[in-house]
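Engineer: My questions all concern the structure below.
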Amino acid sequence: MLKEDDEDCRAAKRGNISAVLSAISSVVSGFLGNWICFKASEMLNVPSQSFPAAGSQQRVAPTGQSRNKVALKPGHSLLDWIRLTKSGRDLTGLRGRLIEVTEEELKKHNTRNDCWTCIRGMVYNVSAYMDFHPGGEEELMRAAGIDSTDLFDQVHRWVNYESMLKECLVGRMAVKPSPALRAQTEKTESAHMNGLSVPPPSRQEPLSSPLPAKDHRPRYDWFQTDGTVNIIVYTKRKIPSAGCAVVDLQGDTLRVEMLLGKMSYLLYWRLSSEVQGRVDVQTAHSVGKVQVCLHKSVKDKWTKVGQPLEHHDTFIQCKDRELSYRECVLVSKSDVTHDTQVLCLQLPPGSNMQVPVGRHVYLKTSLQGTDVVKPYTPVDQSLIPPSQSSAEMGSDLNLMIKIYPDGLLTSHLASLPIGSSLSVGGPEGSFSMRILHDVTHLYMLAAGTGFTPMARLIRLALQDLTSIRKAKLMLFNRQERDILWCSQLDELCTKEERFEVEYVLSEPTDSWKGRRGRIDACMLQNFLERPEKARCLVCVCGPTRFTELAVQLVRQLDFSEEEILIFQG
């Protein structure tokens, strides 16, 4: 029975509603699908400016860690790579044969013109990809002749490298799994590439590595009425207004994930009986409680929620959690600037996604037979909080996307008609609310579409963080027409005395009365105030060169590493 002494639980008890606590930890194995093995934007070869560059806003990274790109030769874009893979050219050097590769054999292929690497037990000849790799030859050669799985796991895991490199597949590693792992692997659904089954993974998804103190582990209960089944998750911490729940009801399976800082709590069942296709989610933010309501198709009595599935009732780091995708529908497009749109995606009736601030999602679509995946940071419908937050509702997803005529994915998105489907994965990201604890002065330096993670951060700071005394944004663009949500930022300044914004243009018109130029020390010295006893945080997001220079200048003003946060891709 429910153990919480609150009104809804007592009401359930008075109605003689039975509840069963299910806590089964499955032996974990199987495949970590859709993990990246080459760096995300490098693997996709999306033009650097389209997201908005290598140092983009979709990840939080320690200061000083940014990824470098090199200028690709003409004719070496992602589209050119796709054409090459479909040309019939032998990219493996084996004339279509698939072989088992020993560790000793793999080590032999470690040169520029003969480069093999192993990813998730599969071996690829990536020699032909050298000139298409945005990170350059030196970066790709780090994977030469070795198992590069862990190397690439440190960056991203979401690109479908099986699709990108399927014509480069040499074979699989000759690895003998342990009997216990082999037995467990047989229970999972097999995956195949070019007729080869993927070998057992070298590591399992951890059940508890590392966990916070035991007392902080979330727990759940459930109860039922004649027409509903209700799962209640007690997160044991306050929940921000943006929410933390991601719920997917697909057929007879229910997946409930709580995104709690760097940790993920997952509930996963095959349901006991049939339910209707919609799901309702309610969040009690101050007490950290989330209630998921299912609607029974038949008013019968359930003895349990369902059969626990793999990784049910596990609490692990978000980076170790397998990505989950769902099909969404494009319901509207609205222009923000001459080349930027907000795409509104509607989730399926059985899905509810509350994306925490600082997290991103993945758009996946098939272009010319190849899966292309790209991360985007969601935004709210506006900077001014409405009466009911779209994040709380969780049924829609708004993505601010800059369209590039030569961008493979963005030009495709621009041409998509309303009603089209897009696969959305995640959310994912390492941003933690703890870094904002007791911050009194929040400074944001953003260039171009680096503004997107700042949009929700501004709203969070002014709406949820009582410690904030001042939130200031310095936004860099080329021209006035490039400024994102300019009118909303100006309106927020008039309504909220704690918020200030400064626009800086590098190519202004003669009539522009604001700041001109590019980021420099003098500009920041006046902007980054440090009042006595203030606790400051400086957030930076934009293209790589902007981010590196901004961080360097902030450090010169005696801000510590703990006072600098970089959003990057």
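In case you wondered, yes, glycine gets a Cβ from its N, Cα and C as well.
Feature table excerpt (TrEMBL):
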- 98-174: domain 'Cytochrome b5 heme-binding' (DOMAIN)
- 215-306: domain 'CS' (DOMAIN)
- 323-434: domain 'FAD-binding FR-type' (DOMAIN)
- 181-211: region 'Disordered' (REGION)
Engineer: Can you tell me how the residues of the domain 'Cytochrome b5 heme-binding' (98-174) break down into helix, strand and coil by DSSP?
Structural biologist: 30 helix, 21 strand, 26 coil
Engineer: Quick one: mean pLDDT on the domain 'CS' (215-306)?
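Structural biologist: That region's mean pLDDT is 94.
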Engineer: From the DSSP assignment alone, can you count helix, strand and coil residues within the domain 'FAD-binding FR-type' (323-434)?
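Structural biologist: Summed over the domain 'FAD-binding FR-type' (323-434), the classes give 14 helix, 55 strand, 43 coil.
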